[in-house]
């Protein structure tokens, strides 16, 4: 096994995700999912091996220096769970005055995202393959983010699994500390129950977080959010989508 192969393959590991009680209190650490071997294609592996030095960020226990990473002081937007990364790359390409960091635990998605970033020749994007809760806790400085995007997270449909949902009181509390004044939180889901849960959690932080919806709940699908592969599939199945957009005072 070559050294380059080892680098990409070591990203395929078990990722732990924090588990919370229904009222948002930290409960314990659980193994939420496993990054399975055999799904990372040779092409995706090569993209990670060959371009990680430019696009990749590794987990660290101290805050990232975004100015050093990007070479400028442009606003930084963090996206959690970018899937295959196409919409994230498109957003970065359309907004060169913003810097984007994407977190994804599945290495095929990381490899695909890097490949598309290379194709689109974007310089304002970095990717991380690690548990998002640990990145937020350890590697993102307070007040350093201009925005947080979370599109179509796992809804954990069964009631007994709702505590595994990433959007919980403690999660949003941490997001609030990481955002700069005027920074945004943008969630999207195609599960109504999860949308209502997200809304209830976000409302707990009023007036520090302001809902931009004129109706006080959800916003229309914004044109600036590219259509994801996941969303397009949902549309074909007749699924509705709920967007929430809150801004920190």
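Note that Cβ sites are derived from N, Cα and C of the backbone, with glycine treated the same way.
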104, 131, 154 bind S-adenosyl-L-methionine according to Swiss-Prot; which of 79, 90, 170 goes with them? 79
Go through 104, 154, 190, our recorded positions, and report the one whose Cβ sees the most other Cβ atoms within 10 Å. 104
Out of 79, 190, 228, 231, point to the one nearest residue 154 (active site) in space (Cα versus Cα); all of them are binding-site residues in the record. 190
Given the recorded S-adenosyl-L-methionine site (79, 104, 131, 154), which additional residues of the same chain have their Cβ within 8 Å of the Cβ centre, ordered by sequence? 80, 81, 82, 103, 105, 132, 153, 166
